[in-house]
Amino acid sequence: MEFIYRYAWLIPILPFLGSMIIGLGLISLRRATQTLRWRFAFFNIVLLGIALIFSISILISQLNGHPPYKWLIEWIVTNQFSLEIGYSIDPLTSVMLVLVTSVAILVMIYSDSYMSYDQGYVRFFAYLSLFTASMLGLVLSPNLVQIYVFWELVGMCSYLLIGFWFTRPAAADACQKAFVTNRVGDFGLFLGILGLYWVTGSFEFQTISNRLSNVLLGDFVLPGSHPVQVELLVLFNLLVFLGPMAKSAQFPLHVWLPDAMEGPTPISALIHAATMVAAGVFLVARMFPIFNQFPIVMGFIAWIGAITAIIAAIIAVTQNDLKKGLAYSTISQLGYMIMAMGVGSYTAGLFHLITHAYSKALLFLGSGSVIHGMEPVVGFNPSKNQNMLFMGKMREFMPVTAITFLLGTLSLCGIPPMACFWSKDEILSQTFQAQPILWIIAWVTAGLTSFYMFRMYFLVFEGKQFRGGEFIYDVRAKSLPKESNKKILIPLIILALVTTLVGFVGTPFNNMFAKFINLTRLEEHPFEWNEFLSMSGSSVGIALIGLTLASLIYKESKIDANQIANTLTPLYKLSFNKFYIDHIYQIGFIKVNRSLAQKALELDQQIIDGFINFTGFFTIMTGEILKYVENGRVQSYVFVIIFATLIFVLASQGF
């Protein structure tokens, strides 16, 4: 097994190598690379498959009790500063490696069919491999500096993939929005890392944690420095958390994620399941021993997660775009994870990260299958082929997609025995013990989750067939939706099986996941049937209420949705307009910045440019005047000399 650990650096290098080979081919041998397109895709899938085998081997080794492994080399060494790079493997790393590689390889297989007719097919696989390599590098990083490097690479890849169809104005705007929004969080993360280094003199997680503990006890001060106020330490930790707030789309930096749906559907699955948004939760998990020393920081994290969860769930209720509805669902579930971390439920938050990743990957790939099936009917217009109001009874045309999508929906809603039931139930239980007010928010969010997810399912696969108008399913034109091919369905079936089974590793009866991942042993407590039945009963009960309401409104049509919207007009408008957060940013930041930029332009043109232009004009005119002094006549020169001398003498006498 030592061989696997010594060569674990190959896990991110292999997909990175595949990306570089495609990139060089597109630059130097573009026509040949485009001709060999599926071969390059297969090559990338094989490389990622090897990385998956390595990852599974490491996970098995960690399960068998292999101690954490760290390989470091000194990169920069001076008298006062040293920086090491390398990789670190522990139970958390091993789980994340398998998660990222398994979801990524299924997305690649799916993309081979989904993107087959796209002109950027080869470029897409290059971006996809680079994206996966960046996340794998982040997971293996042993310190904050290395994490920050791969953190930025993940952000760059998301920019490229969200704007993959860059000729579309909406996609171009979306990738810029994602990039700028994440700059806010990344800048905070950068300042926080520098602040923690200033206090502790280290970028290593364990060293920072230990030294901060000593700083709080007054037993540690860096040579040449003074004792640090606790408030400053809190500020540094909050700045670090600003990075995960943006990357994991937490309120109020969540606005980029719904617009990220402008990218191809396979990358939406990867962003929302195993890579970009998971990076934020992963960093919070890595920083957990540090954050946990500051109750104010933990409380802030918990409340940010809870607010994000409830706001995103309310917004998701009124979304008609299939992918954007799932995007707000992702934001809400990420809020669950962050809230769990904030209340100290480390293992529950990580377990929900795993179960949600597979469930959400299944739902996004299922939505892509539906969109693919709708394209022959309504064309390639996203406003139609993603609009749930144009769908209905798709189950008759796409039975496999419908079944797998239903399994993903059941899981996300927390219906037993699906995966997310076990993780969500554990989060609710831990939250109830820590802060009952947050439990109420999380419990209501669970009901809303069930309602909007089954609303999606019923609008797409059940309900009325001709909801969008009789022209949608034109039998005479033979333009009915049809089931996707095997390359799309096989990943869906595999993810459906994983979604059904993966939750059993974290059941409260024998929580193998907690025993494996929880190195700090912070949450060990005996299992109690009464507690389990009360917590699970309340969460399943609210989920069933949401399911029933969605069925009555969108499947059986016994309740008029428009009447409810008219009755709850203020709340409906608030939800439909996304709590006006985008409007606030548009007015408060974009318009103000543009106005300031316009004023700066006017100042530059009229004042600064005016002064410079006047200086040039004055110089030219002075030269034009003075050139007549040089007339070649000696008499004129003598006159000037005498006149200047006379002026000088008179001036001297006067003074």
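Here the Cβ of each residue, glycine as well, is placed from N, Cα and C on the backbone.
Listed as Cβ neighbours of the transmembrane segment (7-27) (distance under 8 Å, sequence separation of 6 or more from its ends, same chain) are residues 33, 40, 43-44, 47-48, 50-51, 54-55, 58, 69, 71, 87, 89, 97, 101, 104, 122-123, 125-127, 129-130, 132-134, 136-137, 140. Summarising the annotation, Swiss-Prot assigns transmembrane segment to 7-27 (among others).
Cβ atoms under 8 Å from those of the transmembrane segment (40-60) belong to residues 1, 4-5, 7-8, 10-12, 14-15, 17-19, 21-22, 25, 33, 89, 93-95, 97-98, 100-102, 104-105, 108-109, 111-112, 121-122, 125, 128-129, 132, 136 of the same chain, restricted to positions at least 6 beyond its ends. The transmembrane segment feature in Swiss-Prot is assigned to 40-60 (among others); the stated evidence is sequence analysis.
Panel annotation: around the transmembrane segment (89-109), residues 5, 8, 11, 15, 41, 44-45, 48-49, 51-52, 54-56, 58-59, 61-62, 68-70, 125, 128, 132, 135-136, 139-140, 266-267, 269-270, 273-275, 278, 282, 285-286, 350, 354, 357-358, 361, 365, 487, 490-491, 494-495, 498, 516-517, 519 of the same chain, lying at least six beyond its termini, place a Cβ under 8 Å from a Cβ of the stretch. The transmembrane segment annotation in Swiss-Prot covers 89-109 (among others), and the record cites sequence analysis as its basis.
Annotation source Swiss-Prot lists transmembrane segment at 124-144 (among others).
Sequence annotations record features per position, and here Swiss-Prot assigns transmembrane segment to 147-167 (among others) based on sequence analysis. For the transmembrane segment (147-167), same-chain residues at least 6 beyond its ends with a Cβ under 8 Å from one of its own Cβ atoms are 120, 123-124, 127-128, 130-131, 134-135, 137-138, 141, 174-176, 178-179, 182, 186, 189-190, 193, 243, 247, 259-260, 262-264, 267, 271, 275-276, 279, 283, 286.
Among residues of the same chain six or more beyond the transmembrane segment (265-285), those with a C-beta under 8 A of the stretch's C-beta atoms are 92, 96, 99-100, 102-104, 107, 110-111, 114-115, 124, 127-128, 131-132, 134-135, 138-139, 147, 151, 154-155, 158, 161-162, 164, 240-241, 243-250, 257, 291, 301, 323, 326-327, 330, 334, 337-338, 341, 346, 349-350, 353, 356-358, 360-361, 364-365, 367-368, 371. Taken from Swiss-Prot, the feature transmembrane segment covers 265-285 (among others).
What Swiss-Prot lists as transmembrane segment is 296-316 (among others), and the listing cites sequence analysis.
The transmembrane segment annotation in Swiss-Prot covers 334-354 (among others). Same-chain neighbours of the transmembrane segment (334-354): 92, 95, 99, 244, 248-251, 277-278, 280-282, 284-285, 288, 291-292, 298-310, 312, 420, 422-424, 426-427, 429-431, 434-435, 438, 442, 445, 502, 506, 511, 513-514, 517-518, 520, 522-523, counting only residues six or more beyond its ends whose CB sits under 8 Å from a CB of the stretch.
With a cut-off of 8 Å between Cβ atoms, the residues of this chain six or more beyond the transmembrane segment (361-381) that come close are 103, 106-107, 110, 114, 265-266, 268-270, 272-274, 322-323, 326, 329, 390-391, 394, 397-398, 401, 404-405, 407-409, 411-412, 460, 468, 472-474, 479-484, 488-489, 491-492, 495-496, 499. Positions annotated as transmembrane segment by Swiss-Prot: 361-381 (among others).
Same-chain residues lying 6+ beyond the ends of the transmembrane segment (402-422) with a Cβ under 8 Å from its Cβ atoms: 329, 333, 351-352, 355-356, 358-360, 362-363, 366-367, 370, 394-395, 446, 449-450, 453-454, 456-457, 460-461, 489, 492-493, 495-496, 498-504, 506-508, 536, 539-540, 543, 546-547. What Swiss-Prot lists as transmembrane segment is 402-422 (among others), and the listing cites sequence analysis.
If you look up Swiss-Prot, you'll see 434-454 (among others) marked as transmembrane segment.
Marked as transmembrane segment by Swiss-Prot on the basis of sequence analysis: 488-508 (among others). Remote same-chain residues near the transmembrane segment (488-508) are listed as 102, 106-107, 109-110, 113-114, 347, 351, 354-355, 358-359, 361-362, 365-366, 368-369, 372, 400-401, 403-404, 407-408, 411, 417-423, 425-426, 514, 527, 532 (criterion: CB distance under 8 Å, separation of at least six residues from the stretch ends).
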Distal contacts, the transmembrane segment (296-316) - CB-CB under 8 A, six or more residues away: 234, 237-238, 241, 245, 249-251, 254, 284, 325, 328-329, 331-344, 434-435, 438, 441-442, 444-445, 448-449, 452, 571, 574-575, 578-579
For the transmembrane segment (434-454), sequence-distant contacts whose Cβ falls under 8 Å of one of its Cβ atoms, 6 or more beyond its ends: 302-303, 306-307, 309-310, 313-314, 316-317, 319, 325, 329, 332-333, 335-336, 339, 343-345, 409, 412-415, 424, 427-428, 538-539, 542-547, 549-551, 554
